Amino acid sequence: MSVSRFPVRILGIDTSCDDTGVGIVELAPDGSARVLANRVWSQTVHAQYGGVMPELASREHVERIDRVTGDALAEAGLEVNDLEAVAATSGPGLVGALLVGLMYGKGLAQALGVPFYAAHHLEGHIFAAASEADLKAPYLALVVSGGHTHLFDVPREGEYVLVGATRDDAAGEAFDKIARLAGLGYPGGPAISEAALRGAPDAVPFKEPLQGQKGFDFSFSGLKTAALLAHKAGAKPEDLAAGFERAAVRFLVKTTLRAAQACGRETVVVSGGVAANRALREAFAASGVRAVFPGKDLNTDNGAMIALAGAAAIRAGREPSALSEGAVAYAPLANA
Ligand code: KG4
Ligand code: ZN
């Protein structure tokens with residue numbers, strides 16, 4: 001079963017973590033894809049625990065998925081029968097949470113008699129940014145989220161070469177942990193960013209991680225330890241936030257620029273929840289490299305990015321996925 005008519009309306013579902021995301025995109029005959037709807041139900045139940053509780057996440061997805069899908073269809077002004085394909089994240093992520101969206105997506109595709117595409121969560125993040133500028137490979141991709149900090153070289157569409165990754169925490173995870181330590185709330189990224197505006201970045205010393213490395217890895221454990229020590233010594237939360245954010249942003253940008261130069265890439269795609277960070281966007285804008293970011297509401301987890309991954313699969317003539325496709329907690333994207 002494949003898609004034969006254009007434009008193709010693809011519904012995408014992401015339930016990999018704590019957001020129930022459903023989006024719809026339209027793929028035009030010229031290969032461009034446009035987001036028609038993007039609805040995300042962000043689960044608040046986890047805030048009291050300071051981190052995501054997997055079983056609670058799965059239950060909330062079960063309760064919400066149908067309603068979020070209805071909302072996405074309404075936003076796009078479509079009926080369910082107008083859909084020509086369905087895509088859902090199969091990994092990486094929390095298996096119980098992934099299964100909700102994956103099963104729902106397969107069921108919907110089966111009921112409608114349309115093709116189903118299993119999508120990779122990180123590829124979704126990358127497409128969220130790339131499609132914003134109708135960008136095609138080659139480019140370098142920095143994925144910075146709560147679960148990932150990865151640098152991929154993308155020499156051709158659909159080909160991913162891992163050139164660097166975090167050795168410990170993901171960037172967003174470090175934002176979340178330091179925000180929690182400083183009593184700034186959850187999720188930590190936006191909280192740190194907001195507090196940083198009121199803080200003095202030089203008040204707490206943060207050393208650049210992995211100084212002098214030849215490769216393009218990341219590490220946030222040193223910054224976390226520095227924050228902990230400063231907190232114990234009585235540092236103000238806003239000063240911690242300002243110092244950490246500046247150090248993390250400089251480190252991310254510097255490493256990415258070195259990698260772009262080594263790979264000979266002139267364009268960098270920056271995506272994932274941390275790509276929403278204002279200081280990171282400003283630093284890339286000032287760096288001279290062409291940096292492409294996701295559009296509004298497409299930085300953090302969402303279904304539209306998965307619909308965009310589905311659109312890319314259709315554009316590339318990929319066979320639809322088997323309905324036996326399972327959910328996977330760990331799924332490397334790099335294929336070279
Ligand atoms: O992509 P995402 O929604 O989920 C994962 O796939 O992990 O990313 C969530 C992460 C959280 O750690 C959150 O604190 C971070 O993105 N984040 C930010 C900002 N907005 C969200 N980090 C820094 N600055 C922000 N403005
Ligand atoms: Zn994500």
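From the backbone N, Cα and C atoms, a Cβ is placed for every residue, glycine too.
Record check: TrEMBL places V143, V144, S145, G146, G147, D176, G189 at the substrate site, and the matching candidate among N81, N277 is N277. In this structure, the binding-site residues under consideration are G146, G147, G189, and the one with the smallest number of other Cβ atoms within 10 Å of its Cβ is G147. Listed in sequence order, the binding-site residues near V144 (substrate binding site) (C-alpha within 10 Å of its C-alpha) are H125, out of H121, H125, D301. Taking the centroid of the Cβ atoms of H121, H125, D301 as the Fe cation site, the other same-chain residues with Cβ within 8 Å of it are D14, S16, T89, L122, G124, A128, S145, G272, N302, M305, I306. When the binding-site residues H121, H125 are scored by other C-beta atoms within 10 Å, H125 scores highest. For D176 (substrate binding site), the number of other Cβ atoms no farther than 10 Å from its own Cβ, over all displayed protein chains, is 25. Note: the CA-CA distance between H121 (Fe cation binding site) and V143 (substrate binding site) rounds to 11 Å.
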